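Among the features that TrEMBL reports, ATP binding site is placed at Lys31, Pro32, Thr33, Gly39, Asn40, Gly166, Asp167, Asp168, Val205. Annotated L-tryptophan binding site per TrEMBL: Asp154, in sequence order. What TrEMBL records for 1-22 is region 'Disordered'. The motif ''HIGH' region' annotation in TrEMBL covers 32-40.
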Amino acid sequence: MAPITPVTTTTAGTTAPTPGRASVRRITGLKPTGHLHLGNLVGAIRPTVAGQYRTETIVFLADLHALTVTHQPAQIRTLTLEQATVLLAAGLDPDRALLYVQSQVPQHTELHYLLECATGYGEAQRMIQFREKSARHRQVRLSLLSYPVLMAADILLHDVHEVPVGDDQSQHLELTRTVANRFNARYGDTFTVPRAVHPTVSSRVMDLADPTAKMGKTSSSEAGTILLLDPPEVIRRKVLRAVTDPDRTVGYDPQRRPGVANLLEILAACLGGSPTDLAADYGSYAQLKKAVAEAVESMLRPIRLRYTELSRDPGYVRRVLADGADRARDNAADTVHRAKRALGLLSH
Ligand code: AMP
């Protein structure tokens, strides 16, 4: 991958790539808490793979974030390698994008602590995700409270300009911006302040069995979640059993008919075109489901085949990750040095 280009931090707390360099830097993290699914592909992986030709792309496997809740050590290890392999199989090019595992770059946790010293306890406690998740469990880990600060460290470490975020992460990105601006104001310009980039609404894939819930790694139903490595017959079965509604005609109405709308949006994500236009091509749910099953299978087949090839040589994927971590450490060390100097921890 090309070396990461320097950025300038403006006193207004916004950022721009260094003059003369058009490049925008973006970061995306995937948490190895489950198998990757169609929602991850449409909402995160595909845009990231497409973006690697226009932006400096950084992708990391956020294994430290997976420790905020109960986890199986062996499973994290397996899922981290699996997700890295899926990303490569889906077209992430390690010569263009930086791909690494978060825990292999100790500057994430080093900067996390430094940023905790610029974050209020009340600020962390106000995060909606923390409030929701902590309300559901009798005991929560301290790391669940502080994880948005680790997320801020993930982002600020690399001087990124843009962070693609879904609705659920908007508040965390806002916290990142607040902490970065506060740090810059208190200790002098140190961090690039990133902006959020929001995916389009139709890039949100819903659970096929419960179209009012988002397809997720751990939150959605097994029957309604299409995993990227599902065999063709499983994909077919899940799509054919997707929830629709008593209406007999195919029409696009996300409010009144979320199940059919989800199928049309998935079809649009696979084939291009608009869900409304596509609806006109199908006379029955059976036809629509058959078309969705085929379109999803065509999109996933090359990824599955490439995944199988790459899995035969796990040494290759490990080398990509080790090389990525080396390069990430170099960039990250500069940022941590800057932050420590600003805080008075270093004399030069
Ligand atoms: P997560 O699986 O929640 O760690 O999310 C990883 C990335 O995938 C994030 O960028 C999410 O916005 C995206 N993502 C997760 N689930 C979906 C979904 N159902 N539809 C679209 N994007 C999703």
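For all residues, glycine too, the Cβ spot is worked out from N, Cα and C.
In this structure, the CA atom of Thr33 (ATP binding site) is 18 Å away from the CA atom of Asp154 (L-tryptophan binding site).
Mean per-residue pLDDT, taken over the motif ''HIGH' region' (32-40), amounts to 95.
Secondary structure at Asn40 (ATP binding site), taken from DSSP and collapsed to helix, strand or coil, is helix.
The 10 Å shell around the Cβ of the residue listed as 'L-tryptophan binding site' contains 26 further Cβ atoms across the protein chains shown. Recorded residues Lys31 (ATP binding site) and Asp154 (L-tryptophan binding site) have their alpha carbons 13 Å apart, per Cα-Cα distance. Ranked by Cβ neighbours within 10 A across all protein chains shown, the binding-site residues Thr33, Asp167, Val205 are led by Val205. Distance from the CA of the residue listed as 'L-tryptophan binding site' to the CA of Val205 (ATP binding site) is 26 Å. Asp154 (L-tryptophan binding site) sits 19 Å from Asp167 (ATP binding site), counting Cα to Cα. According to its DSSP assignment, Thr33 (ATP binding site) is coil. In the structure as shown, the Cβ atom of Asn40 (ATP binding site) sits within 10 Å of 23 other Cβ atoms.
Following the DSSP three-state reduction, the secondary structure of Val205 (ATP binding site) is coil.
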